[in-house]
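Student: Dumping what TrEMBL says about this protein:
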| type | residues | note |
| --- | --- | --- |
| COMPBIAS | 1-16 | compositional bias 'Polar residues' |
| DOMAIN | 30-69 | domain 'F-box' |
| REGION | 1-21 | region 'Disordered' |
C-alpha cells in the first residue's frame, strides 16, 4: 500500500503502467480477518515475524483464535496451577507469552513453561522439592550454589551407604507422551580464576552397582531402568522412563519417580543432584541445551 501512495508524490503525470500498478492489490489491502486465517497456520515465531510487515498483519497477530490454537489444550488448568487462579481479561497472546516463559511455583521448587516451537509443556523440579534420604545431615549432603542450575543451587553428596531420591507431582499435563530425566553431575563443580573446574576426589561407588530409576502414574503406568553413573565433570540426563497422557483425560496426572542405589555393601559419594525434568518425548533431543 505504501508503494501505491508513493506514486502520487512522484509527479502529476501518470502512465498506463502506473495506472495498472495502482489497480494491483498488495499485502496492505488484505482484510484483517483473512490475514488472521493465514497467521493461524504459522508457528508462533513466524507469526511474530509477519506481524512486522504492516498494520493489517500487526493487528491480526493479536486475534484470540490465532493464539488459541498455539496454547496447550488445558492452558486454563496450567495457569491455575502456576498462579493459584485464572487471571481474567487476558488476551490469548498474553497468555501464550506468559506460558512460554519459565514460571516458578510451589515456593520456587518447580518451574513450568511451554516450548515455543511445539507448544508442548515442560516441567522441572528442584532437588529441594524432592525427598532425599539424609539430606538434612551435613555429614552426607550439602546444598552448594551453582550457576549451571535453573534453581541456582544443587545438592552435593559427600558419601552415604543408602542412596534414595523420591518425588511426586500432580499436574494437568496436556495429552501426549512424556519422558522423565534426572539431571546429575559426577564430581563437585566449581570455578577457579573464572574457569569451570570439577573436584573428583570424592567420586566413588557408582561403578560397582547400577542406580535404579523408576516412574509410576496413578493409572498404572510403570517404567524402570538401571545404569552405572559415568562421565565425571559433565551434567548428564539419566532417563527414568516415559508415560502417556490420553486425550480423554480431563484431570491432573499424578506422577511419582525415584532414583535408588541401596546396596549397603559399599558407600557412594561425589554426586550432584540438580533436578528432575519432565519433557515431551518429541523434544528430548533438546535436553543437551538445558
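Here the Cβ of each residue, glycine as well, is placed from N, Cα and C on the backbone.
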Student: Is it possible to list how many residues within the domain 'F-box' (30-69) are helical, extended or coil according to DSSP?
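Tutor: Across the domain 'F-box' (30-69), the residues distribute as 27 helix, 0 strand, 13 coil.
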Student: Averaged over the domain 'F-box' (30-69), what pLDDT does the predicted model reach?
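Tutor: Here the mean pLDDT over the domain 'F-box' (30-69) amounts to 81.
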